[in-house]
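See structure below.
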Amino acid sequence: MLEEPRPRPPPSGLAGLLFLALCSRALSNEILGLKLPGEPPLTANTVCLTLSGLSKRQLGLCLRNPDVTASALQGLHIAVHECQHQLRDQRWNCSALEGGGRLPHHSAILKRGFRESAFSFSMLAAGVMHAVATACSLGKLVSCGCGWKGSGEQDRLRAKLLQLQALSRGKSFPHSLPSPGPGSSPSPGPQDTWEWGGCNHDMDFGEKFSRDFLDSREAPRDIQARMRIHNNRVGRQVVTENLKRKCKCHGTSGSCQFKTCWRAAPEFRAVGAALRERLGRAIFIDTHNRNSGAFQPRLRPRRLSGELVYFEKSPDFCERDPTMGSPGTRGRACNKTSRLLDGCGSLCCGRGHNVLRQTRVERCHCRFHWCCYVLCDECKVTEWVNVCK
């Protein structure tokens with residue numbers, strides 16, 4: 001057995017460029033690799049002008065909305081982390097999305113039409129939508145806030161809360177409230193268990209910004225561009241499909257006589273799991289790229305609408321190949337007792353494995369904060385691991 005201390009290298013790529021996660025308890029903002037004290041003002045200079053790889057349209061969007069773009073960049077970072085979690089047992093495990101010190105979309109695999117390319121695009125689009133909508137609900141962005149609610153709905157909620165307050169004081173329902181007009185919904189009674197209220201996450205704004213920021217790269221008549229746009233749409237659709245209802249109790253002495261509820265973005269782990277399931281049933285498109293951008297054969301739109309699509313057969317990803325975005329599997333930790341994809345037999349592609357004693361320092365107990373830093377503890381781990389030759 002070999003003994004080799006292998007400290008974990010510092011994060012690179014998007015992690016290093018945007019939000020280098022802290023390996024100590026010290027607080028720091030790192031936007032695009034800039035070390036800034038506290039919570040700096042998010043200006044075009046701190047967000048846009050130091051980030052390479054933006055298209056002309058993206059740069060313009062960033063200059064107009066630097067705070068929203070900062071949230072979008074955090075969404076990309078979270079999406080890469082989730083991608084790595086979902087594919088942690090695969091030969092291609094999303095680590096290539098971190099390299100290059102630029103946006104993930106400059107990774108070689110995102111210029112191809114593999115299954116893994118489709119999954120990555122959907123994850124990144126979902127991450128941007130999710131992060132922007134969440135920042136809206138927290139009141140962090142100038143150009144958006146809570147999801148829209150009609151004045152009638154607000155009036156119903158106000159009447160309900162006033163009625164509950166009056167009842168808690170032993171009084172009758174206040175007569176000063178305006179009575180509903182013809183055709184209006186009746187005033188809510190105290191027996192009603194919940195009403196829509198609170199701050200809905202503005203998913204429409206998050207979806208639109210994700211579309212404007214990511215789909216702007218695409219040429220509309222190119223088959224690869226159409227594949228990317230389609231998979232971007234699927235990623236955003238999964239976020240919408242998994243919206244959650246969150247509620248807050250109202251009542252005396254901690255009771256829950258009445259609840260106000262709002263629609264909130266799902267946990268991003270649930271989004272990642274749903275997209276991982278779609279990866280397993282992704283649809284192969286046999287296409288003749290005649291610059292028409294049409295999928296051949298023409299499948300029913302309903303069948304395609306919620307599924308990932310790809311048009312290139314994936315390589316085995318055993319060896320390093322920068323042209324395909326494959327880092328290879330040499331040096332990857334494997335499970336020698338597993339017969340699944342994470343087993344040494346599969347992951348090491350028949351090359352065998354070594355047993356090493358590794359000591360590394362890694363980030364742990366990380367918490368994402370808006371915007372744009374990650375606060376982590378520092379953990380030292382020593383263990384025997386099986387590593388692919």
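Placement of Cβ uses the backbone N, Cα and C atoms for every residue, glycine included.
Sequence annotations record features per position, and here Swiss-Prot assigns signal peptide to 1-28 based on sequence analysis.
The feature phosphothreonine is assigned by Swiss-Prot to Thr46. A helical conformation is recorded for Thr46 (phosphothreonine) in the three-state DSSP classification.
Among the features that Swiss-Prot reports, disulfide bond is placed at Cys83-Cys94 (among others), with the record citing similarity to another entry. A C-beta separation below 8 Å, combined with a sequence spacing of at least six in one chain, links Cys94 (disulfide bond) to Val80, Cys83, Gln84, Gln86, Leu87, Ser120.
Among the features that Swiss-Prot reports, N-linked glycosylation site is placed at Asn93 (among others). Taking the Cβ of Asn93 (N-linked glycosylation site) as centre and 10 Å as the limit, one finds 20 other Cβ atoms among all the protein chains shown.
Remark: Cys144 (disulfide bond) has Val68, Val132, Cys136, Asp202, Phe205 as non-local neighbours, by Cβ distance under 8 Å and separation of at least 6 in sequence. Under the heading disulfide bond, Swiss-Prot lists Cys136-Cys144 (among others).
What Swiss-Prot lists as disulfide bond is Cys146-Cys199 (among others).
What Swiss-Prot lists as region 'Disordered' is 171-197.
The feature compositional bias 'Pro residues' is assigned by Swiss-Prot to 177-189.
Look at Swiss-Prot and you will find Cys247-Cys261 (among others) tagged as disulfide bond. In the three-state DSSP scheme, Cys247 (disulfide bond) falls into the strand class. The number of other CB atoms found within 10 A of the CB of Cys247 (disulfide bond), across every protein chain shown, is 17.
According to Swiss-Prot, the disulfide bond annotation covers Cys249-Cys256 (among others), on the basis of similarity to another entry. Counting every protein chain shown, 12 other Cβ atoms lie within 10 Å of the Cβ of Cys249 (disulfide bond).
Sequence annotations record features per position, and here Swiss-Prot assigns O-palmitoleoyl serine to Ser253 based on similarity to another entry.
For the recorded site, Cys318 (disulfide bond), the DSSP three-state label reads coil. Cβ neighbours of Cys318 (disulfide bond) (same chain, under 8 Å, six or more residues apart in sequence): Arg91, Gly328, Thr329, Cys349. Annotation source Swiss-Prot lists disulfide bond at Cys318-Cys349 (among others).
Residues annotated as disulfide bond in Swiss-Prot: Cys334-Cys344 (among others). According to DSSP, Cys334 (disulfide bond) sits within a strand segment.
Taken from Swiss-Prot, the feature N-linked glycosylation site covers Asn335 (among others), and the record attributes it to sequence analysis. Asn335 (N-linked glycosylation site): 18 other CB atoms within 10 A of its CB, across all protein chains.
Under the three-state DSSP scheme, Cys388 (disulfide bond) falls in the strand class. On its own chain, Cys388 (disulfide bond) has Thr329, Arg330, Gly331, Arg332, Ala333, Cys334, Cys344, Leu347, Cys348, Cys349, Arg351, Gly352, His353 as residues at least 6 apart in sequence with a Cβ closer than 8 Å to its own Cβ. The annotation disulfide bond is assigned in Swiss-Prot to Cys348-Cys388 (among others) on the grounds of similarity to another entry.
Feature annotation from Swiss-Prot assigns disulfide bond to Cys364-Cys379 (among others); the stated evidence is similarity to another entry. In sequence order, Val361, Glu362, Arg363, Cys364, His365 constitute the residues six or more apart from Cys379 (disulfide bond) in its chain with CB-CB distances below 8 Å.
Highest local Cβ density among the disulfide-bonded residues Cys344, Cys364, Cys366 belongs to Cys344, counted as other Cβ atoms within 10 Å over all protein chains shown. Measuring Cα to Cα from Cys261 (disulfide bond), the recorded positions that fall within 10 Å are Cys249, out of Thr46, Asn93, Cys249, Cys376. A simple Cβ count within 10 Å picks out one of the disulfide-bonded residues Cys136, Cys256, Cys334, Cys348, Cys349 as the most packed, and that one is Cys136. Here the candidates are the disulfide-bonded residues Cys247, Cys249, Cys366, Cys376. The one whose C-alpha lies nearest to that of Asn93 (N-linked glycosylation site) is Cys366.
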